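> What follows is a single structure, and I will ask about it in a moment.
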Amino acid sequence: MGVIDNKEQRSLDEINSTIEFNDSQRTSQKFLAFLGPGLLVAVGYMDPGNWITSMQGGAQFGYTLLFVILISSLSAMLLQSMTVRLGIATDKDLAQMTRHYLNKPTAIIFWVIAELAIIATDIAEVIGSAIALDLLFNIPLIIGALITVFDVFLLLFIMKFGFRKIEAIVGTLIFTVLMIFVFEVYISSPNLIEILNGFVPHYQIIANHSILYIALGIIGATIMPHNLYLHSSIVQSRKYNRHSFTEKAQAIKFATIDSNIQLSIAFIVNCLLLVLGAALFYGVNSNNIGGFYDLYQALRTQPVLGVVMGSIMSTLFAIALLASGQNSTITGTLAGQIVMEGFLKLSIPNWMRRLVTRSLAVIPVLLCLVIFRGNESKMEQLLVFSQVFLSIALPFSLIPLQLATSNEKLMGPFKNKKWVNICAWGLIIILSFLNIYLIIETFKEL
């Protein structure tokens, strides 16, 4: 384990300690000042990579997998609360802390895996955004993918106005996605009794291989490696007394509540996706729900909805997909900066860092489009591959997080409680096993 240098550059230095609040403010006002970072984290739990598994799960198996979404969301809340404590208690992000734990060659391996995970995450956003542009404006996929490169410059422009503006934009886009799916689920008239029953565990989830496979897909796509790096850094954007136990404890409390609130919203969105799939397609034409284009066309031609409402719902679906892709663009590029600076102590101009990350994600998408001549199903298959790689990369983020947050020398009084350690190690073992199983099954079906 390396020696921690407290004089090294702060995590995301341009936003670190930039959001102030007055000590004389009431507790409720201080809490409001801490609302925001959880929004950026919640984006990863409802990105385009999650959409297919949730809607396919509903279309093929009704409401059965709502229980899996619930367990996945509770697990995410636990892990994200650990990253909050790590960031605030140590004033370091997960990338910096991982570097301190490992020797240089091993740290470089972990850095490469983290970078590839961010590129894999970005691939899903590029594909989701490009498909949304095609559905909404008939823009060819290759042009849509190229357009996404310029998203990074939009982020750079917004950053000039402060981190709060980014949080506000992300919050607006999340609210847009949420309202669209609330409306679509309302129109689809789901069975409320069956929805409630879906939150009860069913033995078929394990006994039925097909259900288990989709369940593993939901779990594997829920907890994203880049979110762990991102959250441990952006919680430090609030200006509190770094030497006061009381203020750190309060910061951890507020940031954890913020995280749980926003992840609850992500949980609702994922439930709405599954409910929509179940209400419209379960027992009707569930086998035809394979990708974004299939979902769009199925919504458009759904007999239950009618011509006008089907057109409205399919268009709203595409708008939500575009909003989700743009949201994830913001968080992915920030996570890329955190990983590079944290692992390598390398700081390059923000525009270059973000342009390189996005370009590396766009290249495989463009190659896929050129080689397969714009084949839509191949694009969606590439998205699935990107999610599989995220499953492989996950333990390389979870294990350093658990080791660091259970270390009393690093965390002091903020170290993990015994029950947290038990739950965290249990989650790591179960998630790693399930992800390995998912990878094997994915390659079997190729």
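Cβ atoms are placed via backbone N, Cα and C, with glycine included.
The following feature annotations were taken from Swiss-Prot:
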- 32-52: transmembrane segment (TRANSMEM)
- 59-79: transmembrane segment (TRANSMEM)
- 107-127: transmembrane segment (TRANSMEM)
- 139-159: transmembrane segment (TRANSMEM)
- 168-188: transmembrane segment (TRANSMEM)
- 205-225: transmembrane segment (TRANSMEM)
- 264-284: transmembrane segment (TRANSMEM)
- 303-323: transmembrane segment (TRANSMEM)
- 355-375: transmembrane segment (TRANSMEM)
- 381-401: transmembrane segment (TRANSMEM)
- 420-440: transmembrane segment (TRANSMEM)
> Compare 107-127, 139-159, 420-440 by their Cβ pairs under 8 Å to the transmembrane segment (381-401) and return the stretch that comes out on top.
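Ranked by Cβ pairs under 8 Å, first place goes to 107-127.
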> Mind pulling out the one from 32-52, 107-127, 205-225, 355-375 with the most Cβ pairs under 8 angstroms to the transmembrane segment (420-440)?
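When the Cβ pairs under 8 Å are tallied, 205-225 comes out ahead.
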> Using a Cβ cut-off of under 8 Å, list the residues of the same chain at least 6 residues beyond the transmembrane segment (264-284) that approach it.
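Sequence-remote neighbours of the transmembrane segment (264-284) are 42-43, 45-46, 50-51, 54-63, 65-66, 69-70, 73, 76, 174, 177-178, 181-182, 184-185, 188-191, 194-195, 218, 222, 298-299, 302, 304-305.
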> Among the recorded stretches 32-52, 139-159, 168-188, 355-375, which has the greatest number of Cβ pairs closer than 8 Å to the transmembrane segment (107-127)?
355-375
> Of the stretches 59-79, 139-159, 168-188, 355-375, which racks up the most C-beta pairs under 8 Å with the transmembrane segment (32-52)?
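The stretch I would name here is 168-188.
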> Could you tell me what the rest of the chain brings near the transmembrane segment (59-79), counting residues at least six beyond its ends with Cβ under 8 Å?
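Long-range Cβ neighbours of the transmembrane segment (59-79): 45, 190-191, 194-195, 197-202, 204-205, 210-211, 214-215, 218-219, 222-223, 228, 259-260, 263-264, 266-267, 270-271, 274-275, 277-278, 280-283, 286-287, 289, 398, 401, 420, 423-424, 427, 431.
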> Sequence-remote contacts (6 or more beyond its ends) of the transmembrane segment (139-159), Cβ cut-off under 8 Å?
14-15, 125-127, 129-133, 165-166, 169, 325-326, 329-330, 333, 350-351, 354-355, 357-359, 362, 365-366, 369-370, 374, 376, 379
